Amino acid sequence: MPATVLITGGNRGLGKGLVATYLSTPDTTVIATVRDPSKCESLSALPKALGSNLLLVKLEVTSKDSITTAIGTLDTHNIGSIDVVIANAGISGPTSSLAEAPVSELQRYIDVNAYGPFELFKAVLPLLRSSNSGNKAKFVCISSAGGSLAAMYNFMPISAYGASKALANFLVKWLALDNKDIIIWAQNPGSVDTDMARDGLDLAKSLGFDLSSLSFTSPEESACAIKKLIDGATTEMSGKFLDHDGSELAW
């Protein structure tokens, strides 16, 4: 059955891997939101399976108006429903000392990583409820094990990033409780080999942290694993915080 999938932050890293993975699935319309569609030639050149197509939409996740406008433009492309939304856009990086970090730094992470997916959910909810796939629509928030209070002792100093992901997890849990007609969960993709992750790793090393044991998966591998979880999603997954292998993570 034809499917419509929306992925934020689709121009690089895991987002691009997700776009490529869904475009390789027949009869799939992929809506990739990006900050500047004119600079996404590599996305447009991705291989497409029979019946699949790509729509690039400009969206800035820190702006409620931008999110509302972007979702509003879908009607002009005859898109009246969405089956899967993956809130992938985000920022990451270490914070050397939370006590010394300005509130503005913490707010920047929260605006992108927590409030962004929250505002996106509100904007796409009518389209998710209009899904005619025969199954419940899905909203997946790409989170991080760094947002787990139980796991924070094993991480490099990512207090601002971790706090924003912990807030995102809380919002996802509450949205799932409020909207039982949609399957909603927070998804840890694992350690994905992206430019953003490498930049954070280099900075952490410069601060003296030994991360030699850390291993990465490719964006494509991670995207395939996430798609497999989405394809098999059940109502029981809603409101949970899942690891890359589908096991449940502690909040």
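The backbone N, Cα and C atoms fix where each Cβ goes, glycine too.
Feature annotations, courtesy of Swiss-Prot:
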type	residues	note
ACT_SITE	SER143	active site, proton donor
ACT_SITE	TYR161	active site, proton donor
ACT_SITE	LYS165	active site, lowers pKa of active site Tyr
BINDING	LEU14, THR33, GLU60, ASN88, LYS122, TYR161, LYS165, VAL192, THR194	NADP(+) binding site
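Here the features listed in Swiss-Prot are painted onto the structure.
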| residue | record | Cβ within 10 Å |
| --- | --- | --- |
| LEU14 | NADP(+) binding site | 28 |
| GLU60 | NADP(+) binding site | 18 |
| LYS122 | NADP(+) binding site | 14 |
| SER143 | active site, proton donor | 27 |
| TYR161 | active site, proton donor | 26 |
| LYS165 | active site, lowers pKa of active site Tyr | 28 |
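DSSP gives GLU60 (NADP(+) binding site) a coil state; it is part of no helix or strand. It is 6 Å from the Cα atom of SER143 (active site, proton donor) to that of LYS165 (active site, lowers pKa of active site Tyr). Calculated from their C-alpha atoms, the gap between TYR161 (active site, proton donor) and LEU14 (NADP(+) binding site) amounts to 17 Å.
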